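So that you can see what the record holds, here are the features copied from Swiss-Prot:
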ACT_SITE  Arg146  active site
ACT_SITE  Lys170  active site
ACT_SITE  His241  active site
ACT_SITE  Arg244  active site
ACT_SITE  His267  active site
ACT_SITE  Tyr276  active site, O-(3'-phospho-DNA)-tyrosine intermediate
DOMAIN    1-85  domain 'Core-binding (CB)'
DOMAIN    106-289  domain 'Tyr recombinase'
Amino acid sequence: MNTIIEEYLNFIQIEKGLSNNTIGAYRRDLKKYKDYLEDNKISHIDFIDRQIIQECLGHLIDMGQSSKSLARFISTIRSFHQFALREKYAAKDPTVLIETPKYEKKLPDVLEIDEVIALLETPDLTKNNGYRDRTMLELLYATGMRVTEIIQLDVEDVNLMMGFVRVFGKGNKERIVPLGDTVIEYLTTYIETVRPQLLKQTTTQALFLNMHGKSLSRQGIWKIIKQYGLKANINKTLTPHTLRHSFATHLLENGADLRAVQEMLGHSDISTTQLYTHVSKSQIRKMYTQFHPRA
């Protein structure tokens, strides 16, 4: 099994171009699967049948797996068994009749406009790291980028003259996202004045640098955003994805085209973007007051 799993992981990394984070999730799912099979003395892939998989799923449910995690686990092992059958490592695919559980997709908190402004205005612009943080927050809210996308950004991916940023999303898919005047202004000063001071002796092309001149990490960005959220007295769960959700929600609330928002977010399936068509409480109150004859 170990050999087949490694062959499969190599396949999805090379052939499908999946990110390291996605590969890591697949690897963790397959480790759970392999551990369960070994604990139950299943030594060969062709000994696995539908009943064994269902018992494995029952075990994961007993261990407290959420329906979302379970759905991803099933997707992983289904893809794995399809690969094994196609490459003749196995004589059958035992996942054929296994159903994927449905789960409710929940959005994290979305910031109101005044909360976004409070967050953006929190960094100290007199300090290099403060100016960097303001620029990064402006860019996250202006583009709806994922945290993994922003740490992969190089200086050359930002075209200030034409007003766009080139983003490499899931599966290394490239997309172009426009930039507004405000974020262009911050990016210009950051790239020309602040970043060279953060760069020190390093030669990295990464856009956002830590105080040692190296690329900001995923954990570093999460920590920065959480810290400013506390300073701005925002009583909501605040992550880089909160700004992404706020970006999409505010665009759609103000009449943006769903397809255009899908393109900017880098969603392959428009149903994912449609999650943002929920209307905020303040927007509901505004519409009620504006349109109800007895409001």
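Backbone N, Cα and C define each Cβ position, glycine as well.
The 10 Å shell around the Cβ of Arg146 (active site) contains 21 further Cβ atoms across the protein chains shown.
Each of the active-site residues Lys170, Arg244 was scored by the number of other CB atoms within 10 A of its CB, and the lowest score belongs to Lys170.
Counting every protein chain shown, the number of other Cβ atoms lying within 10 Å of the Cβ of Tyr276 (active site, O-(3'-phospho-DNA)-tyrosine intermediate) is 25. Cβ neighbours within 10 Å of His267 (active site), excluding its own Cβ and spanning all shown chains: 18. DSSP assignment over the domain 'Core-binding (CB)' (1-85) gives 68 helix, 0 strand, 17 coil. DSSP gives Lys170 (active site) a helix state. Tyr276 (active site, O-(3'-phospho-DNA)-tyrosine intermediate) has its Cα within 10 Å of the Cα of none of the active-site residues Arg146, Lys170, His241, His267. In space, Arg146 is the closest of the active-site residues Arg146, Lys170, His267 to His241 (active site), judged by Cα positions. Of all the active-site residues listed here (Arg146, Lys170, His267), Arg146 has the Cα closest to the Cα of Arg244 (active site).
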